[in-house]
Protein chains: 2
Amino acid sequence: MTPTRPVFYISDGTGITAETIGHSLLTQFGDTRFATDRIPFVDTPDKAREAALRIRAAGEAAGVRPIVINSCVDNELYRLLAESGGLMLDIFAPFIEPLERELGQPRTNRVGQAHGMVDFEAYHRRINAMNYALTHDDGMIMDFDDAEIILVGVSRAGKTPTCVYLALHYGICAANYPLTEEDLEADRLPQKLRGHRHKLFGLTIDPVRLQQIRQERRPNSKYSQMDTCRREVAQAEHIFQNERLTVLSTTHTSIEEISSKVLTTLGIHREMF
Amino acid sequence: MTPTRPVFYISDGTGITAETIGHSLLTQFGDTRFATDRIPFVDTPDKAREAALRIRAAGEAAGVRPIVINSCVDNELYRLLAESGGLMLDIFAPFIEPLERELGQPRTNRVGQAHGMVDFEAYHRRINAMNYALTHDDGMIMDFDDAEIILVGVSRAGKTPTCVYLALHYGICAANYPLTEEDLEADRLPQKLRGHRHKLFGLTIDPVRLQQIRQERRPNSKYSQMDTCRREVAQAEHIFQNERLTVLSTTHTSIEEISSKVLTTLGIHREMF
């Protein structure tokens with residue numbers, strides 16, 4: 001059996017960029033098992049030396065060469081980390097030189113900037129959007145004028161996590177509207193959503209999956225019965241179709257994918273945090 | 001004046017990996033203005049051709065060559081995208097060959113996997129953690145047995161966004177405890193936190209910044225007075241010091257940095273979503 005391969009995400013900042021690209025790379029090597037670790041805020045030679053020792057020790061314990069996915073931009077830190085003996089994959093290096101040439105300027109040597117707080121206004125928007133998502137969750141506040149997006153669907157179809165994700169990562173005020181028994185019986189969207197048609201996006205879900213989720217929330221209730229789930233999903237989908245809403249099934253879709261598709265569909269472009 | 005440079009994040013999946021590394025790269029070129037756009041789910045030759053046309057048009061409109069930050073792993077899609085004439089920065093390419101050599105296996109050609117829903121159990125943990133954060137926010141539920149992390153601080157010090165981030169990205173059940181007037185006057189942590197000392201992390205904030213945030217939430221209230229903010233922050237910091245909690249100021253710290261530091265301090269390792 002192949003030994004489990006140690007992987008280290010090293011950064012002078014949070015390490016989020018290194019881990020994001022590293023994770024994407026490793027998923028392309030499905031046959032190997034990886035044991036990943038993160039060493040953030042490596043911003044001094046001492047911390048780099050310490051990280052290198054940890055990496056070396058992990059390699060010796062595993063009996064196999066560690067992989068180092070590194071986003072430290074400083075040459076000296078890089079050199080110290082390389083002394084770990086690990087396979088160094090420097091995630092920025094290959095792109096710096098082509099960008100410098102194309103832009104006609106040298107890169108500025110700023111350490112750990114990507115997920116630092118550089119822009120107060122943007123940060124503020126992000127926190128406001130987050131508060132918005134939390135106060136406009138689950139139909140708590142029914143004023144949708146400030147919403148940029150309104151997710152519509154039956155209870156537990158995936159609306160809340162998506163709204164929170166959109167707020168945290170795009171600073172977008174996303175509300176969600178759970179279709180009520182009354183809406184489902186009336187077979188149409190409620191009046192209060194009608195003025196906001198261009199903001200609406202429907203989420204649906206496989207009834208079997210919905211039943212599992214609801215069963216965990218409220219075991220053995222009418223809410224979590226298979227019949228209820230089937231009926232509600234069918235009624236909701238009928239409404240979506242009649243009202244010509246774009247609909248996405250969340251059953252096999254990650255929060256990231258749902259968010260990305262909602263933004264693309266509604267034509268909203270916002271830089272990611 | 002230098003023209004604004006069009007940048008496109010292209011992916012066969014959500015484009016999140018491309019945008020994350022792209023954003024990190026662009027922050028290193030502070031003198032150039034960029035107009036960024038995202039084209040996700042480019043997973044067919046037709047979509048790649050369409051994307052290439054959009055990129056080319058943006059370059060012609062701007063009068064400057066676009067930059068294409070691409071995570072499409074398929075050679076044919078890459079070739080079609082390259083016809084846009086943009087500067088192609090292929091974020092995976094430089095690392096695939098060294099990894100293949102090191103691991104002794106070819107990469108599996110899976111498209112758009114990184115932020116897809118591959119692991120039901122992990123996804124479930126993530127959603128549960130999210131629900132946990134929302135139901136254990138702001139002292140709503142005071143049972144901390146299932147919490148892995150408890151953030152402590154005065155109201156509006158940054159606890160909620162951090163808890164939600166930890167849930168969404170690490171599947172961690174993080175609760176938060178807002179120090180009450182009673183706690184602050186008693187000059188110590190409440191009894192119900194005492195059994196959970198190893199989970200505690202203190203957040204503090206500059207009183208001036210706190211005052212601004214509170215003023216927006218409840219204008220001209222006692223809650224948002226400068227005196228109140230100063231006193232509460234001083235009392236909270238006194239408690240943190242007495243109880244020897246690790247403390248971080250959120251004033252100039254992003255949610256990502258706070259989360260990363262909390263995890264490092266409490267020695268929690270969890271793979272990122």
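Note that Cβ sites are derived from N, Cα and C of the backbone, with glycine treated the same way.
Note that TrEMBL annotation is computational and uncurated.
What TrEMBL records for this protein:
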BINDING   B:Gly153, B:Val154, B:Ser155, B:Arg156, B:Ala157, B:Gly158, B:Lys159, B:Thr160  ADP binding site
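Structural mapping of features recorded in TrEMBL.
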residue  : record           : Cβ neighbours (10 Å)
B:Gly153 : ADP binding site : 28
B:Val154 : ADP binding site : 25
B:Ser155 : ADP binding site : 18
B:Arg156 : ADP binding site : 25
B:Ala157 : ADP binding site : 27
B:Gly158 : ADP binding site : 25
B:Lys159 : ADP binding site : 27
B:Thr160 : ADP binding site : 22
Which binding-site residues (B:Ser155, B:Arg156, B:Thr160) come close to chain A, taking a Cβ gap under 8 Å as close?
B:Thr160
Please classify the secondary structure at B:Thr160 (ADP binding site) using three-state DSSP.
helix
B:Gly153, B:Val154, B:Ser155, B:Arg156, B:Ala157, B:Gly158, B:Lys159, B:Thr160 excluded, remaining Cβ within 8 Å of their centroid (ADP):
B:Leu151, B:Asn176, B:Pro178, B:Leu203, B:Ile205, B:Thr250
Reduced DSSP assignment, B:Gly153 (ADP binding site):
strand
